[in-house]
Ligand SMILES: Nc1ncnc2c1ncn2[C@@H]1O[C@H](COP(=O)(O)OP(=O)(O)OP(=O)(O)O)[C@@H](O)[C@H]1O
Ligand SMILES: Nc1ncnc2c1ncn2[C@@H]1O[C@H](COP(=O)(O)OP(=O)(O)OP(=O)(O)O)[C@@H](O)[C@H]1O
Ligand SMILES: [Mg+2]
Ligand SMILES: [Mg+2]
């Protein structure tokens, strides 16, 4: 038979604007309360603002690059533009698909190793935001012990750890940082098992930690729950977790959150495509561009002037290049 | 013998046909119950699978499944339950990728080296379970479950940049295998490329059949699976057999990751497909450990996997395909069992009939033989 | 000569191979292990290995595994292998959360158990009525459960406030109790880091702190299973179906009925394990939450020699090593290397005494390797820490597997009236 | 059809024997009476009232108890548990039940240990547990399906005493056997079954064993007697000082074979008598090579084969008719021709090099089916669908086809019908004439005495006595088997003999 590309709607591809935005998720998918959901938020906002259509697609278990290529191809040939791969796992697939559909813009989140004329690499400097979280933690701790809970021990999460640890140590070298990962790849359960997060957090709390920073996706909810039960501080991740509805019960313990504006990244890419000037190449979201940052929606946090000052100072240092933040611990 | 052949045909086809019909019917019930069209999802999936690029995807995926299922089936034939194919192929693919990326050899040799390494590593990992079983009596079911998790840790450790891996962006990889270590594919133009390894997988199936059905070793293996005690009495060294088949199973498991590694990704990274071993179990069961059956099973599951992608675009849940997979497995095994029983009953009946007829005919001579015997 | 029947057996009866350790002996063994652990703790300074938090986390992590293992026990004691436990756990999490969100956690518990039992029923239909290979049926149930819960989620949770297609809204939590006074006293004692005393305090403290009522319920299930299976007529009938169903049939036991009941109870236990994951371990249903605990439960049951006490021990081992891993693993597991090395030295001595020189040699070499490893690093890499529970299980099984004994007719298909 | 047109009436308070050759349908009939199988037509009446049993529970309620041909005991449960199973309501499962068991055991002299595990019991003990189970349920009618098959004569006598005692108390016993001597000595009435139907009902006083036999098989009963001796001086199998210990986790080593020494010559059948469980199985295992002895040597034709693996021994000319053909001799779900290969996969005509020679194996299977009169519709049917006798004939044919020098024949005619039995005996005799050495192990003492050139008795892992088959009686053999006699057994009544 014919290929799926030839048979249907290859016409719509040439029709310029296409049908709207397409999001292809990585493992976890929509509903992870984390960066997949953030991507979805940007997607929704863009659809509303620009009045366009859209499609978001989940992966299946144990799929290979070929499946991702097929997914991107399917989306591109149906006329979606831009097509965004959420997660670095899409890198090889985007490279292949982008060659097949030169007129479609492909967004690739969290990866800058794959380049192309129609590829926008949306990357974040999580280490910078995490550095600020480290500064806040070092200032907020009374016991001089703070903790980091990572979901799965992958380089991306190690970036969070690296920034956090550096931030803590630069602020107060006497503060001890406990580090804990929940699972090892390819067991991605560490992002989706709140019970593990809860127990890991308890372990750190028992070891006297009083400010915990988590980068554990959904499992982070367990961390927050455990910390709240002990009335200590927790620092959220990705979105402003103080405002998250499901965490309403614990919000008083959420000191701040290290935000990673995946939503904005998606939105801006769509916007650029919509306006006919699609972004390509590396688009970095860092402190400078407000792509990452530290939220202060918790009024208690906003009132801690000493911490706010320290954070502000660190922020300036990073933005003007005085402070270099490592990406590996 | 004519009658038996007709029966055999019924027996061979009855099981799968009955099963698919039942599974489709049950899935439709689920669909109707949730207020969906009971037929449109199938139509969508078939339509989608008519495209040649999807067919290529299905065939490629099936090749991978096929190898995993063969590995499981070798164990099953011996009454060994190798749940560890998953860990075996992941570890094997990772080490093979490491080796492949760090040497430069002329084409065929390079590929051969990678394959040998993969098979050795797979066999080694399965062999641990084999040795634990033969020397310490540890159930391979438990040990392979444990070894799967341990393999995860070992891979996670080895792939660290501090050990043998490299970091590339946010991914960890083993480094790229140079082109001399790629397995050439069959280019079908716009439809894509069929892995060259599909041919190897098919050859493995042929070899599996030959070894099992046409060699002394295969006979011993099947005998051990059918009745360990009888096999031991017949001269099979059961422990050695367990170890050997575990090693072979592991070696084949080691090949499972190769179609992807040599034909597509050329590197082992964090997102290398996991869980193929478990699908392999399903497929071995579906195919009743027969090389052709497994091939059909692999194609069927690959079809459901790939074609279900279209459901998402059309407002259906992709999970329908997963439900169908479960129902198919259930229906297949139940209908096989029903058909098998029917077959056995028929046979017993035949034996009885034939003997009765013979006895009636030979009643006179019968008496005579007895006299002779006692004389 | 005419009274052979009144004579003792004409042949030499096999000396009984089933001598069991008495309670006192068990306590000695336990005391010995505690002593060792305590010593290792003092040597290494890894006080975390017997802290209150450690024990309490271990208990919480052990419960779902233990419940799955109990599920395995009930099915296998009646002769049915249940590798579908994983699927039944999944059903338990989903149904438990679905009902828990809407009608409160205790309704969730009941519905979750029923959900698991539904999986059990399916397994029973396939294996008992249709005589399908038990493993095959179990695998099919695992696939089905994944598909069904995902499918159902997109109709239910996704439409609920705060839920998505992968996750339920939060469920109200079940009451937790802490034995007042005792808990604090134990914690204080534990913090003193005294030899042995603090370790015992850590154990006891962990068992009386932050106990969910569901945890208590789950723990009670172990002796209860033991009592029902071994001390009631019902249990005897059930076990007879796993040992020799034909003999049971000839005595008027309805083998099918008992197998059905057993497998459904098995599913129910797995379901309860699922509810525990959704309601106590966390407070939501989450896709992939069970993470292979059904398989681990099965392993724990085999590890425990198909006995309630043994499987509790097995689940405890998993829970403990898992919790070590989650609570600042590196250092603790490092301490355990020393413990393991010492145990292997003891094993070497024992094997030498029993003149099993090969075993002794293997134990000695492994012990030495561990000891060198212990000395050469300060912390075990986190990748290996994660593997600790599995390696520990393999080691223990390798040392004890030959003594294990499955029910005789387990896994065999049985047809009524087709007996010899 | 296993049964048709059966007429049977049993008087209260009597011992009613049912005789018939193997496969005649006796067990099937009893299973119907006990509710385990349903009759297609016909009626059953108990105490004059018509009944219909849907499962054994119904039969038990009607006071019917059955001791099955094959033990129906769960090895891993205790005697107590096996006994109370299914009747927990009677006396519970605890102390009351234990007391009741003790009481029954004492009343009938059964010597039961309620807390012993069944797997630790010997055959006779298990038999007693089976009887206990029936009595425990207060059965008034006992069905005993071939209870004597595994007992030595003395145990049989004791059992019969028990049966008479039961009868005296007004119980009814249905007793199945094809050992006619026993039947005549214990029964009040006899019903004969042939090919699934009742052919006669007689009184023991009115028939002789010979007449009964002819009724049973419709022909003369064959006898296992061996006419002329073919024993030569050439030793084929020499076993010296064979010792085997079993390792027990708890109790350490235990000797199961103790200094076994014997020689079998060309053309000689050495009969080995012994109660099951006294080391015969282990001896066979050691000879065929599935267990390594701890001491001693085995030589075949002068060559030391002690360290040879099983396969090499079989290739070297050891034939093997296993005692449990379903466990050790056949692949039940495989076709006949594959079973023909089993055990000889490395030998012609089954294989060439590493490859199987399926064509040759199939045609040789056809030959065996013909030559050994295996009644089957073809060689592609599964061997499990054949009757026991035909399965056994296939095994004998297979083993004989490889010209063994030495044959291990363990219970070669167990569970085999009379016709097949005679054929198997004939084949063993024929091969012996051509110089085959045979180790014959059998629980059927008539067979043992009739077929052997030399007799040895095994007791607790040792060869404790020998006897001349020409003069020995089953009773004398029996007393040596229970350990009551040892040394050279002269003739009947001579229990003593010098002790070792
Ligand atoms: N396989 C085992 N491994 C380790 N410990 C065990 C094992 N089996 C039992 N135990 C321990 O023994 C105690 C009693 O166990 P359980 O209730 O299973 O009794 P049991 O072993 O059947 O003995 P009995 O039947 O004589 O009471 C448990 O508390 C447990 O700690
Ligand atoms: N439902 C059935 N339909 C047809 N044949 C059957 C059925 N059940 C049993 N048979 C066959 O009928 C024959 C009678 O078997 P049964 O066990 O009753 O014999 P038996 O007289 O007890 O012999 P034995 O002395 O060996 O115990 C056997 O060949 C058996 O395979
Ligand atoms: Mg016990
Ligand atoms: Mg019978």
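Every residue gets a Cβ built from N, Cα and C, even glycine.
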Where TrEMBL places transmembrane segment among the ranges B:320-339, B:340-359: B:320-339
Closest-packing stretch to the transmembrane segment (B:242-262), where packing means Cβ pairs under 8 Å, from B:111-132, B:141-160, B:194-212: B:111-132
Closest-packing stretch to the transmembrane segment (B:194-212), where packing means Cβ pairs under 8 Å, from B:54-76, B:88-105, B:111-132: B:54-76
Positions whose Cβ lies under 8 angstroms from the transmembrane segment (B:320-339), at least six residues beyond its ends: 11, 14-16, 18-20, 22-24, 26-27, 30-31, 41, 45, 282, 285-286, 288, 300-301, 304-305, 307-308, 311
Stretch-level contact, the transmembrane segment (B:141-160) and the transmembrane segment (B:54-76), CB cutoff 8 A, at least 3 pairs: no
Intrachain residues whose Cβ lies under 8 Å of the transmembrane segment (B:111-132), provided they are six or more past its termini: 71, 82, 84, 87-89, 91-93, 95-97, 99-100, 103, 105, 138, 140, 143-144, 147, 151, 177, 180-183, 242-243, 246-258, 261-262
Sequence-remote partners of the transmembrane segment (B:9-34) [C-beta within less than 8 Å, at least six residues beyond its ends]: 41-42, 296, 320, 323-324, 327-328, 330-332, 334-336, 338-340, 342-343
